[in-house]
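Asks: Annotations per Swiss-Prot:
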- 83, 145, 202: Zn(2+) 1 binding site (BINDING)
- 85: active site (ACT_SITE)
- 145, 180, 384: Zn(2+) 2 binding site (BINDING)
- 179: active site, proton acceptor (ACT_SITE)
């Protein structure tokens, strides 16, 4: 099934996801992978073909464009943002599969490798009976996070351009790199974007509307041991691997991702590597509540002090850095931005699902740059892996929401 209202939506999505735009946390370049710049150049060309204005790629690989106002009064400028990169999972040779009129049963993604999208494991599938699903072939992610957001924004401005009877102010759009590795928005230029408020199209199922995110930090423990021949090690050896395990044991056992939900924060053991002489343990710290976030950071500082005191020397050094903050701190003073999106959904018969993100978006950083930017659903499910899928109808609804926000903005 193709979209009747947005005739190029499905084709555009299927084409875009085949671009491998996986970002690379180990890279120090901007963007982190060359393929993102290639994709940006392709997007720029297609936006030019649509006849948008002020189209450019800035030095940080953000594709910017404007759909100029067609109204004779001053209205606010609204922006829509999505990211080009995909998560740290195989994205080479993405081969999307289309499941028409989904029957509610298990979906075989890859017969040869016996990879099955099972309803028992993913009961969210039951929400999509009779819909058109786009899945992976079981060997890659899909990239609906966030190619669906890009497609929805482009299809919305295309629709508005084709329907000049819909009055609107200036509409700004931007597609950026490296969201998945938490760096892209560091280089977002709010002044250059020139919107009064914006939305990221980077959420999950229909109805999601998010204006609160985690506060986030990374704690890196660098451990220095003393390596001595095991046969003569008594009183001399300090085993960095054992210190690494001590550090891990000191963390609270229930404040972990797999045991928390809602507004509960956590410590997540992200990485560890060690031998006798040296080691490194990396945790990420997350909490919506600022006071609890600060307390968690204080906990890791005290942990290091305790370990060093035990060994009578500095065996552990801590590198603690903040990554992003809860955008709700900013958006709470601009709740009209949330109210407009909520009203747009209700006008379309969509029930808004307002909840705090257990993560972050580009909007987490952009909001603190002075541009309030909540997050709206883009339709995908099971992000960052081979079981990712999106319903065509969900992407249509997200596109409808963009158009409706634009209408409401012009009426304010």
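Cβ coordinates come from backbone N, Cα and C, glycine included.
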Asks: Within 10 Å of residue 384 (Zn(2+) 2 binding site) by C-alpha distance: pick out those among the recorded positions 83, 85, 145, 179, 202, and say none if nothing qualifies.
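Replies: Those close enough are 145.
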Asks: Which chain neighbours of the Zn(2+) 2 site, leaving out 145, 180, 384, have a Cβ atom within 8 Å of the mean position of the site's Cβ atoms?
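Replies: Not counting the recorded site residues, we get 86, 87, 88, 89, 141, 146, 383.
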Asks: Under a three-state reduction of DSSP output, how is residue 202 (Zn(2+) 1 binding site) classified: helix, strand, or coil?
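Replies: Reduced to three states, the DSSP call for residue 202 (Zn(2+) 1 binding site) is strand.
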Asks: In the three-state scheme derived from DSSP, which category covers residue 85 (active site)?
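Replies: SS state of residue 85 (active site) = coil.
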Asks: Reduced to three states, what secondary structure does DSSP give residue 180 (Zn(2+) 2 binding site)?
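Replies: Reduced to three states, the DSSP call for residue 180 (Zn(2+) 2 binding site) is coil.
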Asks: Using an 8 Å cut-off from the Cβ centroid of 83, 145, 202, can you name the remaining same-chain residues around the Zn(2+) 1 site, in sequence order?
Replies: 82, 146, 149, 179, 180, 200, 201, 361, 362, 378
Asks: What does DSSP say about residue 384 (Zn(2+) 2 binding site): helix, strand or coil?
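Replies: Going by the DSSP assignment, residue 384 (Zn(2+) 2 binding site) belongs to neither helix nor strand, so it counts as coil.
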Asks: Taking just the CA atoms, what is the gap between residue 145 (Zn(2+) 1 binding site) and residue 85 (active site) in Å?
Replies: 8
Asks: For residue 85 (active site), which residues of its chain lie six or more apart in sequence with Cβ-Cβ distance below 8 Å?
Replies: 21, 22, 23, 31, 32, 33, 36, 177, 178, 179, 180, 181, 184
Asks: Say we define neighbours as other CB atoms within 10 Å of the CB. Which of the binding-site residues 83, 384 has the fewest?
Replies: 384
